[in-house]
Amino acid sequence: MFKNAYLEKVYGEVAVRSAGEPEFLQAVREVLESLETVVERRPELEKWGILERICEPERFVQFRVSWVDDAGRVQVNRGYRCQFNSAIGPYKGGLRLHPSVNASVIKFLGFEQTFKNSLTGLPMGGGKGGSDFDPKGKSDMEIMRFCQSFMTELYRHIGQFTDVPAGDIGVGAREIGYLFGQYKRITGEYSGVLTGKGLSYGGSLARTQATGYGLCYLVQEMLSCMKGDGFAGKTTVISGSGNVAVYACEKAQSLGAKVVAMSDSNGYIYDPDGIRLDVVKQIKEVRRGRIREYLEEVPGAQYHEGCRGIWTVPCDIALPCATQNELDEESAAALIANGVMAVGEGANMPCTLEATRALQAAGVLFAPAKAANAGGVATSGLEMSQNSLRLSWTFEEVDARLKEIMTGIFHNAYDASRECGCEGNLVVGANVAGFLKVADAMLAQGVAY
Ligand SMILES: NC(=O)C1=CN([C@@H]2O[C@H](COP(=O)(O)OP(=O)(O)OC[C@H]3O[C@@H](n4cnc5c(N)ncnc54)[C@H](O)[C@@H]3O)[C@@H](O)[C@H]2O)C=CC1
Ligand SMILES: O=C(O)CCC(=O)C(=O)O
(Lines of atoms letter the chains of each structure in order from A and count residues from 1; the text may use other names and numbers.)
(Lines give C-alpha, C1' and ligand atoms only; values in the text may rest on other atoms or scores of the structure.)
(Ligands and ions follow the chains in the order given, each with its own letter.)
Protein backbone atom coordinates (compact mmCIF):
# COMPACT_ATOMS: atom_id res chain seq x y z
CA MET A 1 0.00 0.00 0.00
CA PHE A 2 2.91 2.38 0.81
CA LYS A 3 6.16 2.57 -1.14
CA ASN A 4 7.97 4.10 1.82
CA ALA A 5 8.89 1.75 4.69
CA TYR A 6 8.44 4.40 7.40
CA LEU A 7 4.87 5.12 6.22
CA GLU A 8 4.12 1.38 6.07
CA LYS A 9 5.40 0.93 9.63
CA VAL A 10 3.44 3.88 11.03
CA TYR A 11 0.20 2.84 9.34
CA GLY A 12 0.67 -0.76 10.53
CA GLU A 13 1.06 0.40 14.13
CA VAL A 14 -1.98 2.69 13.94
CA ALA A 15 -4.03 -0.13 12.39
CA VAL A 16 -3.18 -2.44 15.30
CA ARG A 17 -3.73 0.19 17.99
CA SER A 18 -6.97 1.45 16.42
CA ALA A 19 -8.46 -1.84 15.26
CA GLY A 20 -12.23 -1.46 15.11
CA GLU A 21 -12.03 2.23 14.21
CA PRO A 22 -12.66 2.17 10.43
CA GLU A 23 -13.38 5.87 9.90
CA PHE A 24 -10.24 6.87 11.77
CA LEU A 25 -8.09 4.41 9.83
CA GLN A 26 -9.56 5.63 6.54
CA ALA A 27 -8.63 9.23 7.39
CA VAL A 28 -5.10 8.27 8.53
CA ARG A 29 -4.49 6.18 5.43
CA GLU A 30 -5.50 9.00 3.12
CA VAL A 31 -3.11 11.46 4.79
CA LEU A 32 -0.18 9.02 4.99
CA GLU A 33 -0.61 8.07 1.31
CA SER A 34 -0.10 11.74 0.47
CA LEU A 35 3.18 12.02 2.35
CA GLU A 36 5.45 9.75 0.26
CA THR A 37 7.55 12.56 -1.24
CA VAL A 38 7.61 14.52 2.03
CA VAL A 39 9.09 11.70 4.12
CA GLU A 40 11.69 11.02 1.42
CA ARG A 41 12.79 14.66 1.54
CA ARG A 42 12.59 15.14 5.33
CA PRO A 43 14.38 12.31 7.24
CA GLU A 44 14.06 14.28 10.49
CA LEU A 45 10.35 13.44 10.50
CA GLU A 46 11.23 9.81 11.19
CA LYS A 47 14.02 10.64 13.64
CA TRP A 48 11.62 12.69 15.76
CA GLY A 49 8.68 10.29 15.44
CA ILE A 50 6.47 12.99 13.94
CA LEU A 51 4.11 10.63 12.09
CA GLU A 52 3.69 8.29 15.07
CA ARG A 53 2.83 11.31 17.22
CA ILE A 54 0.62 13.11 14.73
CA CYS A 55 -1.59 10.01 14.35
CA GLU A 56 -2.25 9.70 18.09
CA PRO A 57 -4.57 12.17 19.87
CA GLU A 58 -2.95 14.14 22.67
CA ARG A 59 -5.99 13.47 24.84
CA PHE A 60 -9.30 11.64 24.44
CA VAL A 61 -12.00 12.16 27.05
CA GLN A 62 -15.12 9.98 27.25
CA PHE A 63 -17.86 10.70 29.76
CA ARG A 64 -21.38 9.86 30.86
CA VAL A 65 -24.12 12.34 30.05
CA SER A 66 -27.28 11.70 32.05
CA TRP A 67 -30.34 13.86 31.57
CA VAL A 68 -34.09 13.74 32.24
CA ASP A 69 -36.57 13.53 29.35
CA ASP A 70 -40.00 15.17 29.22
CA ALA A 71 -41.63 12.08 30.72
CA GLY A 72 -39.35 12.35 33.76
CA ARG A 73 -37.25 9.31 32.76
CA VAL A 74 -33.49 9.31 33.21
CA GLN A 75 -31.59 8.91 29.93
CA VAL A 76 -27.90 8.13 29.54
CA ASN A 77 -25.68 9.03 26.58
CA ARG A 78 -21.95 8.94 25.96
CA GLY A 79 -20.02 12.19 25.51
CA TYR A 80 -16.58 12.65 23.90
CA ARG A 81 -13.92 15.28 23.39
CA CYS A 82 -10.85 14.43 21.39
CA GLN A 83 -8.02 16.94 21.75
CA PHE A 84 -5.97 15.79 18.79
CA ASN A 85 -3.13 18.22 18.30
CA SER A 86 -2.19 21.55 19.89
CA ALA A 87 1.09 22.24 18.05
CA ILE A 88 -0.13 25.40 16.33
CA GLY A 89 -2.83 26.64 18.71
CA PRO A 90 -5.58 25.72 21.17
CA TYR A 91 -7.67 22.70 20.14
CA LYS A 92 -10.50 23.83 17.88
CA GLY A 93 -13.34 21.91 16.28
CA GLY A 94 -17.03 21.17 16.45
CA LEU A 95 -19.35 19.03 18.55
CA ARG A 96 -21.55 16.48 16.78
CA LEU A 97 -24.83 15.12 18.17
CA HIS A 98 -25.90 12.06 16.18
CA PRO A 99 -26.64 8.41 17.06
CA SER A 100 -23.75 7.27 14.81
CA VAL A 101 -21.17 9.09 16.95
CA ASN A 102 -18.51 6.82 18.48
CA ALA A 103 -14.78 6.96 19.26
CA SER A 104 -13.78 6.20 15.66
CA VAL A 105 -15.94 8.99 14.21
CA ILE A 106 -14.73 11.54 16.76
CA LYS A 107 -11.07 10.57 16.21
CA PHE A 108 -11.30 10.79 12.41
CA LEU A 109 -12.92 14.20 12.69
CA GLY A 110 -10.28 15.44 15.17
CA PHE A 111 -7.47 14.13 12.96
CA GLU A 112 -8.87 15.84 9.85
CA GLN A 113 -9.49 19.02 11.80
CA THR A 114 -5.79 19.29 12.70
CA PHE A 115 -4.73 19.64 9.05
CA LYS A 116 -7.76 21.67 8.01
CA ASN A 117 -7.14 24.24 10.74
CA SER A 118 -3.52 24.43 9.70
CA LEU A 119 -4.58 25.21 6.11
CA THR A 120 -6.60 28.24 7.28
CA GLY A 121 -3.34 29.94 8.31
CA LEU A 122 -4.87 30.78 11.70
CA PRO A 123 -3.40 29.62 15.02
CA MET A 124 -5.75 26.72 15.81
CA GLY A 125 -4.98 23.15 16.83
CA GLY A 126 -7.33 20.26 16.05
CA GLY A 127 -10.12 18.80 18.19
CA LYS A 128 -13.61 17.37 17.92
CA GLY A 129 -16.31 16.12 20.25
CA GLY A 130 -19.91 15.10 20.51
CA SER A 131 -22.31 12.46 21.70
CA ASP A 132 -24.46 9.58 20.46
CA PHE A 133 -27.49 11.62 21.60
CA ASP A 134 -30.13 11.81 18.83
CA PRO A 135 -31.66 15.31 18.64
CA LYS A 136 -34.31 14.14 16.13
CA GLY A 137 -37.77 14.37 17.68
CA LYS A 138 -36.54 15.84 20.97
CA SER A 139 -38.33 18.83 22.49
CA ASP A 140 -36.57 22.13 23.02
CA MET A 141 -36.48 21.46 26.79
CA GLU A 142 -34.91 18.03 26.25
CA ILE A 143 -32.24 19.57 24.01
CA MET A 144 -31.55 22.19 26.70
CA ARG A 145 -31.29 19.63 29.51
CA PHE A 146 -29.00 17.43 27.41
CA CYS A 147 -26.71 20.36 26.51
CA GLN A 148 -26.52 21.48 30.13
CA SER A 149 -25.61 18.00 31.31
CA PHE A 150 -23.02 17.60 28.52
CA MET A 151 -21.36 20.90 29.49
CA THR A 152 -21.42 19.99 33.19
CA GLU A 153 -18.59 17.59 32.37
CA LEU A 154 -17.08 19.23 29.28
CA TYR A 155 -16.41 22.58 30.98
CA ARG A 156 -13.40 21.21 32.89
CA HIS A 157 -11.61 20.30 29.65
CA ILE A 158 -12.15 23.47 27.61
CA GLY A 159 -11.30 27.18 27.76
CA GLN A 160 -10.57 30.11 25.48
CA PHE A 161 -6.81 29.34 25.59
CA THR A 162 -7.03 25.53 25.67
CA ASP A 163 -9.92 24.17 23.62
CA VAL A 164 -12.72 26.04 21.81
CA PRO A 165 -15.61 23.84 20.56
CA ALA A 166 -18.25 24.87 18.00
CA GLY A 167 -21.14 23.28 16.09
CA ASP A 168 -21.27 20.34 13.68
CA ILE A 169 -24.07 17.91 12.75
CA GLY A 170 -26.97 18.40 15.18
CA VAL A 171 -25.36 21.42 16.87
CA GLY A 172 -26.40 24.87 15.67
CA ALA A 173 -27.07 28.23 17.27
CA ARG A 174 -29.70 26.88 19.68
CA GLU A 175 -27.40 24.21 21.14
CA ILE A 176 -24.39 26.55 21.29
CA GLY A 177 -26.56 28.98 23.28
CA TYR A 178 -27.49 26.33 25.86
CA LEU A 179 -23.88 25.11 26.07
CA PHE A 180 -22.51 28.64 26.49
CA GLY A 181 -25.11 29.48 29.18
CA GLN A 182 -24.13 26.43 31.20
CA TYR A 183 -20.39 27.10 30.85
CA LYS A 184 -20.91 30.64 32.11
CA ARG A 185 -23.16 29.45 34.96
CA ILE A 186 -20.57 26.94 36.18
CA THR A 187 -17.37 28.96 35.72
CA GLY A 188 -18.66 32.52 36.14
CA GLU A 189 -16.49 33.41 33.15
CA TYR A 190 -17.62 35.28 30.05
CA SER A 191 -15.13 34.37 27.34
CA GLY A 192 -14.90 33.15 23.79
CA VAL A 193 -14.92 29.51 24.88
CA LEU A 194 -17.29 28.47 22.08
CA THR A 195 -17.79 29.73 18.54
CA GLY A 196 -20.96 29.82 16.48
CA LYS A 197 -22.53 31.92 19.22
CA GLY A 198 -25.59 34.12 18.69
CA LEU A 199 -24.90 37.68 17.55
CA SER A 200 -26.20 39.16 20.82
CA TYR A 201 -23.57 37.40 22.94
CA GLY A 202 -20.31 37.38 21.01
CA GLY A 203 -21.03 35.52 17.78
CA SER A 204 -19.58 36.60 14.46
CA LEU A 205 -21.55 37.77 11.47
CA ALA A 206 -21.18 35.31 8.56
CA ARG A 207 -20.30 32.29 10.75
CA THR A 208 -23.66 30.71 9.89
CA GLN A 209 -22.98 31.06 6.16
CA ALA A 210 -19.23 30.44 6.32
CA THR A 211 -18.81 26.74 5.56
CA GLY A 212 -21.19 26.73 2.58
CA TYR A 213 -20.02 30.06 1.21
CA GLY A 214 -16.39 29.09 1.73
CA LEU A 215 -16.93 25.82 -0.15
CA CYS A 216 -18.24 27.75 -3.15
CA TYR A 217 -15.41 30.31 -3.01
CA LEU A 218 -12.86 27.51 -3.16
CA VAL A 219 -14.66 25.55 -5.89
CA GLN A 220 -15.09 28.74 -7.93
CA GLU A 221 -11.34 29.42 -7.67
CA MET A 222 -10.54 25.81 -8.60
CA LEU A 223 -12.83 25.97 -11.65
CA SER A 224 -11.42 29.32 -12.69
CA CYS A 225 -7.72 28.40 -12.32
CA MET A 226 -7.89 24.83 -13.57
CA LYS A 227 -10.59 25.08 -16.27
CA GLY A 228 -11.15 28.80 -16.92
CA ASP A 229 -14.75 28.28 -15.79
CA GLY A 230 -17.08 28.88 -12.82
CA PHE A 231 -20.49 28.13 -11.30
CA ALA A 232 -22.38 30.28 -13.82
CA GLY A 233 -24.84 28.18 -15.81
CA LYS A 234 -23.79 24.91 -14.14
CA THR A 235 -26.30 22.30 -13.02
CA THR A 236 -25.41 21.53 -9.41
CA VAL A 237 -26.42 18.80 -6.96
CA ILE A 238 -25.98 19.31 -3.21
CA SER A 239 -26.55 16.54 -0.69
CA GLY A 240 -27.84 17.37 2.78
CA SER A 241 -30.06 20.27 3.76
CA GLY A 242 -28.40 21.36 6.98
CA ASN A 243 -26.16 24.31 7.69
CA VAL A 244 -23.44 23.55 5.12
CA ALA A 245 -25.81 22.47 2.32
CA VAL A 246 -28.21 25.42 2.68
CA TYR A 247 -25.49 28.08 2.48
CA ALA A 248 -23.60 26.23 -0.26
CA CYS A 249 -26.85 26.35 -2.22
CA GLU A 250 -27.30 30.06 -1.49
CA LYS A 251 -23.80 30.98 -2.71
CA ALA A 252 -23.85 28.59 -5.70
CA GLN A 253 -27.13 30.15 -6.82
CA SER A 254 -25.77 33.67 -6.36
CA LEU A 255 -22.79 32.69 -8.55
CA GLY A 256 -25.22 31.61 -11.28
CA ALA A 257 -25.55 27.86 -10.73
CA LYS A 258 -28.83 26.01 -11.07
CA VAL A 259 -29.14 23.74 -8.02
CA VAL A 260 -31.55 20.92 -8.90
CA ALA A 261 -31.34 18.46 -5.98
CA MET A 262 -30.91 18.40 -2.19
CA SER A 263 -31.46 15.67 0.42
CA ASP A 264 -31.78 14.62 4.03
CA SER A 265 -31.19 11.26 5.67
CA ASN A 266 -34.56 9.95 4.36
CA GLY A 267 -34.39 10.90 0.69
CA TYR A 268 -33.82 13.59 -1.92
CA ILE A 269 -35.80 16.16 -3.84
CA TYR A 270 -35.31 16.92 -7.53
CA ASP A 271 -36.58 20.22 -8.86
CA PRO A 272 -35.79 20.70 -12.57
CA ASP A 273 -36.71 24.39 -12.28
CA GLY A 274 -34.05 24.97 -9.63
CA ILE A 275 -34.38 24.49 -5.86
CA ARG A 276 -36.38 27.19 -4.05
CA LEU A 277 -34.08 27.82 -1.11
CA ASP A 278 -36.67 29.90 0.77
CA VAL A 279 -38.81 26.74 0.98
CA VAL A 280 -35.89 24.56 2.12
CA LYS A 281 -34.92 27.12 4.79
CA GLN A 282 -38.50 27.27 6.06
CA ILE A 283 -38.63 23.45 6.34
CA LYS A 284 -35.17 22.95 7.85
CA GLU A 285 -34.36 26.12 9.79
CA VAL A 286 -37.84 27.06 11.04
CA ARG A 287 -40.01 23.92 11.18
CA ARG A 288 -37.14 21.40 11.62
CA GLY A 289 -39.08 19.17 9.20
CA ARG A 290 -38.20 16.63 6.50
CA ILE A 291 -37.07 17.47 2.96
CA ARG A 292 -40.06 15.63 1.42
CA GLU A 293 -42.27 18.48 2.74
CA TYR A 294 -40.80 20.55 -0.15
CA LEU A 295 -43.43 18.98 -2.42
CA GLU A 296 -46.24 20.57 -0.37
CA GLU A 297 -44.97 23.99 -1.57
CA VAL A 298 -43.56 22.97 -4.96
CA PRO A 299 -45.80 20.21 -6.36
CA GLY A 300 -43.86 20.11 -9.65
CA ALA A 301 -40.76 18.73 -7.87
CA GLN A 302 -40.04 15.03 -7.24
CA TYR A 303 -39.18 13.22 -4.00
CA HIS A 304 -37.22 9.94 -3.94
CA GLU A 305 -36.75 7.77 -0.84
CA GLY A 306 -33.14 6.89 0.05
CA CYS A 307 -30.29 9.38 -0.02
CA ARG A 308 -27.64 7.78 -2.27
CA GLY A 309 -29.86 8.11 -5.36
CA ILE A 310 -29.09 11.81 -5.43
CA TRP A 311 -25.77 11.03 -7.17
CA THR A 312 -27.64 9.60 -10.17
CA VAL A 313 -29.07 13.06 -10.93
CA PRO A 314 -27.08 14.44 -13.91
CA CYS A 315 -25.01 17.48 -12.95
CA ASP A 316 -21.88 19.47 -13.77
CA ILE A 317 -20.94 20.12 -10.14
CA ALA A 318 -21.57 17.86 -7.13
CA LEU A 319 -21.24 19.14 -3.57
CA PRO A 320 -21.60 16.38 -0.96
CA CYS A 321 -22.56 18.30 2.21
CA ALA A 322 -24.23 15.69 4.46
CA THR A 323 -21.95 13.17 6.16
CA GLN A 324 -18.96 10.80 5.91
CA ASN A 325 -18.85 8.11 3.22
CA GLU A 326 -22.14 9.23 1.66
CA LEU A 327 -20.60 9.06 -1.85
CA ASP A 328 -19.18 5.63 -2.68
CA GLU A 329 -17.57 4.11 -5.79
CA GLU A 330 -20.95 3.32 -7.36
CA SER A 331 -22.13 6.90 -6.83
CA ALA A 332 -18.86 8.18 -8.30
CA ALA A 333 -19.37 5.97 -11.36
CA ALA A 334 -22.88 7.42 -11.84
CA LEU A 335 -21.54 10.98 -11.58
CA ILE A 336 -18.75 10.25 -14.07
CA ALA A 337 -21.14 8.57 -16.51
CA ASN A 338 -23.29 11.71 -16.39
CA GLY A 339 -20.29 13.94 -17.17
CA VAL A 340 -19.66 15.62 -13.80
CA MET A 341 -16.91 18.23 -14.05
CA ALA A 342 -16.12 19.02 -10.41
CA VAL A 343 -16.75 17.65 -6.93
CA GLY A 344 -16.30 19.80 -3.80
CA GLU A 345 -16.51 18.12 -0.40
CA GLY A 346 -18.60 20.25 1.98
CA ALA A 347 -19.01 17.47 4.54
CA ASN A 348 -16.07 15.82 6.29
CA MET A 349 -14.80 12.79 4.32
CA PRO A 350 -18.05 12.38 2.32
CA CYS A 351 -16.29 10.41 -0.45
CA THR A 352 -14.89 6.96 0.19
CA LEU A 353 -11.22 6.45 -0.76
CA GLU A 354 -12.37 4.40 -3.77
CA ALA A 355 -14.79 7.11 -4.91
CA THR A 356 -12.10 9.78 -4.62
CA ARG A 357 -9.67 7.72 -6.69
CA ALA A 358 -12.29 7.00 -9.36
CA LEU A 359 -13.22 10.67 -9.69
CA GLN A 360 -9.59 11.77 -9.91
CA ALA A 361 -8.75 9.04 -12.42
CA ALA A 362 -11.64 10.23 -14.60
CA GLY A 363 -10.19 13.75 -14.62
CA VAL A 364 -12.92 15.27 -12.44
CA LEU A 365 -11.70 18.33 -10.51
CA PHE A 366 -11.74 17.31 -6.86
CA ALA A 367 -11.67 19.69 -3.87
CA PRO A 368 -11.07 17.64 -0.69
CA ALA A 369 -12.88 18.43 2.55
CA LYS A 370 -9.85 19.65 4.51
CA ALA A 371 -9.48 22.48 2.04
CA ALA A 372 -13.02 22.90 0.76
CA ASN A 373 -14.95 23.08 4.03
CA ALA A 374 -12.33 24.99 6.03
CA GLY A 375 -14.36 28.21 5.79
CA GLY A 376 -16.43 27.33 8.85
CA VAL A 377 -13.53 26.87 11.21
CA ALA A 378 -11.67 29.80 9.61
CA THR A 379 -14.60 32.06 10.47
CA SER A 380 -14.68 30.54 13.94
CA GLY A 381 -11.05 31.69 14.17
CA LEU A 382 -12.22 35.17 13.17
CA GLU A 383 -14.91 34.96 15.88
CA MET A 384 -12.18 34.16 18.43
CA SER A 385 -10.19 37.18 17.25
CA GLN A 386 -13.23 39.46 17.57
CA ASN A 387 -13.96 38.09 21.07
CA SER A 388 -10.37 38.76 22.17
CA LEU A 389 -10.48 42.28 20.72
CA ARG A 390 -13.96 42.91 22.20
CA LEU A 391 -14.99 44.02 18.69
CA SER A 392 -17.51 42.96 16.03
CA TRP A 393 -16.66 43.19 12.36
CA THR A 394 -19.29 43.78 9.67
CA PHE A 395 -20.67 40.96 7.53
CA GLU A 396 -18.80 42.33 4.52
CA GLU A 397 -15.52 42.44 6.43
CA VAL A 398 -15.79 38.84 7.66
CA ASP A 399 -17.02 37.59 4.27
CA ALA A 400 -14.10 39.30 2.49
CA ARG A 401 -11.61 37.67 4.88
CA LEU A 402 -13.32 34.31 4.37
CA LYS A 403 -13.03 34.62 0.60
CA GLU A 404 -9.37 35.58 0.86
CA ILE A 405 -8.67 32.61 3.14
CA MET A 406 -10.45 30.13 0.81
CA THR A 407 -8.72 31.31 -2.35
CA GLY A 408 -5.44 31.23 -0.41
CA ILE A 409 -6.11 27.62 0.65
CA PHE A 410 -6.71 26.60 -2.96
CA HIS A 411 -3.41 28.14 -4.13
CA ASN A 412 -1.51 26.74 -1.18
CA ALA A 413 -2.81 23.22 -1.88
CA TYR A 414 -2.27 23.61 -5.63
CA ASP A 415 1.34 24.77 -5.17
CA ALA A 416 2.05 21.91 -2.75
CA SER A 417 0.66 19.40 -5.28
CA ARG A 418 3.06 20.78 -7.90
CA GLU A 419 6.02 20.53 -5.52
CA CYS A 420 5.09 16.88 -4.88
CA GLY A 421 5.12 16.15 -8.60
CA CYS A 422 1.35 15.64 -8.95
CA GLU A 423 0.16 19.05 -10.06
CA GLY A 424 -3.57 19.56 -9.58
CA ASN A 425 -4.04 16.66 -7.15
CA LEU A 426 -5.55 18.72 -4.33
CA VAL A 427 -5.93 15.72 -2.03
CA VAL A 428 -2.15 15.39 -1.88
CA GLY A 429 -1.65 19.16 -1.94
CA ALA A 430 -4.02 19.90 0.96
CA ASN A 431 -2.67 17.04 3.06
CA VAL A 432 0.96 18.06 2.51
CA ALA A 433 0.41 21.80 3.05
CA GLY A 434 -1.68 21.19 6.19
CA PHE A 435 0.76 18.60 7.51
CA LEU A 436 4.01 20.55 7.04
CA LYS A 437 2.99 23.48 9.24
CA VAL A 438 1.92 21.19 12.09
CA ALA A 439 4.99 18.97 11.69
CA ASP A 440 7.36 21.95 11.74
CA ALA A 441 5.72 23.27 14.93
CA MET A 442 6.04 19.84 16.55
CA LEU A 443 9.71 19.63 15.55
CA ALA A 444 10.35 23.10 16.99
CA GLN A 445 8.64 22.23 20.28
CA GLY A 446 10.64 19.04 20.87
CA VAL A 447 9.56 15.83 22.50
CA ALA A 448 9.39 15.37 26.28
CA TYR A 449 11.78 12.72 27.65
N1 LIG B 1 -21.32 23.28 10.35
C2 LIG B 1 -20.08 23.56 10.00
O3 LIG B 1 -19.61 24.68 10.14
C4 LIG B 1 -19.21 22.51 9.37
C5 LIG B 1 -19.71 21.26 9.05
N6 LIG B 1 -18.92 20.38 8.38
C7 LIG B 1 -19.42 19.07 8.00
O8 LIG B 1 -20.51 19.22 7.09
C9 LIG B 1 -21.42 18.12 7.22
C10 LIG B 1 -22.81 18.63 7.49
O11 LIG B 1 -22.78 19.37 8.71
P12 LIG B 1 -23.90 20.45 9.06
O13 LIG B 1 -24.51 20.98 7.83
O14 LIG B 1 -23.29 21.38 10.02
O15 LIG B 1 -24.93 19.56 9.85
P16 LIG B 1 -26.49 19.76 10.04
O17 LIG B 1 -26.86 18.98 11.24
O18 LIG B 1 -26.86 21.18 9.95
O19 LIG B 1 -27.06 19.04 8.72
C20 LIG B 1 -26.77 17.74 8.37
C21 LIG B 1 -27.70 17.40 7.23
O22 LIG B 1 -27.32 16.19 6.62
C23 LIG B 1 -28.48 15.36 6.49
N24 LIG B 1 -28.01 14.00 6.46
C25 LIG B 1 -27.47 13.24 7.43
N26 LIG B 1 -27.11 12.05 6.95
C27 LIG B 1 -27.41 12.08 5.63
C28 LIG B 1 -27.25 11.17 4.58
N29 LIG B 1 -26.72 9.98 4.79
N30 LIG B 1 -27.64 11.56 3.34
C31 LIG B 1 -28.18 12.77 3.12
N32 LIG B 1 -28.36 13.67 4.10
C33 LIG B 1 -27.98 13.31 5.32
C34 LIG B 1 -29.34 15.72 7.65
O35 LIG B 1 -30.69 15.37 7.44
C36 LIG B 1 -29.13 17.24 7.68
O37 LIG B 1 -29.96 17.86 6.72
C38 LIG B 1 -20.80 17.23 8.30
O39 LIG B 1 -19.96 16.28 7.69
C40 LIG B 1 -19.96 18.21 9.10
O41 LIG B 1 -18.94 17.57 9.82
C42 LIG B 1 -17.65 20.70 7.99
C43 LIG B 1 -17.12 21.91 8.29
C44 LIG B 1 -17.83 22.87 9.09
O1 LIG C 1 -15.98 26.05 13.69
C2 LIG C 1 -15.34 25.18 14.24
O3 LIG C 1 -14.64 25.33 15.22
C4 LIG C 1 -15.41 23.76 13.77
C5 LIG C 1 -16.06 23.49 12.46
C6 LIG C 1 -16.00 22.02 12.24
O7 LIG C 1 -16.43 21.27 13.08
C8 LIG C 1 -15.34 21.48 11.07
O9 LIG C 1 -14.59 22.20 10.41
O10 LIG C 1 -15.53 20.28 10.77
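Every residue, even glycine, has its Cβ placed from backbone N, Cα and C.
Taken verbatim from TrEMBL:
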type	residues	note
ACT_SITE	LYS128	active site, proton donor
BINDING	LYS92, GLN113, LYS116, GLY167, SER380	substrate binding site
BINDING	THR211, ASN243	NAD(+) binding site
SITE	ASP168	site 'Important for catalysis'
Check: same-chain CB within 8 A of substrate site center, minus LYS92, GLN113, LYS116, GLY167, SER380:
GLY93, GLY94, ASN117, MET124, GLY126, GLY127, LYS128, ALA166, THR195, GLY376, VAL377
Near ligand 1, which of the recorded positions show up if the criterion is a Cβ under 6 Å from one of its atoms? Options: LYS92, GLN113, LYS116, LYS128, ASP168, THR211.
ASP168, THR211
Contacting binding-site residues for ligand 2, chosen from GLY167, THR211, ASN243 when the Cβ sits under 6 angstroms of any of its atoms
none
Looking only at GLN113, THR211, the binding-site residues on record, which one has the least crowded Cβ, with the fewest other Cβ atoms within 10 Å?
GLN113
Site with most surrounding Cβ atoms, counting all protein chains shown within 10 Å, from the binding-site residues ASN243, SER380
SER380
Taking the Cβ of LYS92 (substrate binding site) as the centre, count every other Cβ atom within 10 Å, in any protein chain shown.
29
In chain order, residues whose C-beta lies under 8 angstroms from the C-beta of GLY167 (substrate binding site), counting only those at least six residues away in the same chain, are GLY94, LEU95, ALA173, GLU175, ILE176, GLY196, ASN243
To the nearest whole angstrom, what is the C-alpha distance linking GLN113 (substrate binding site) and LYS128 (active site, proton donor)?
8
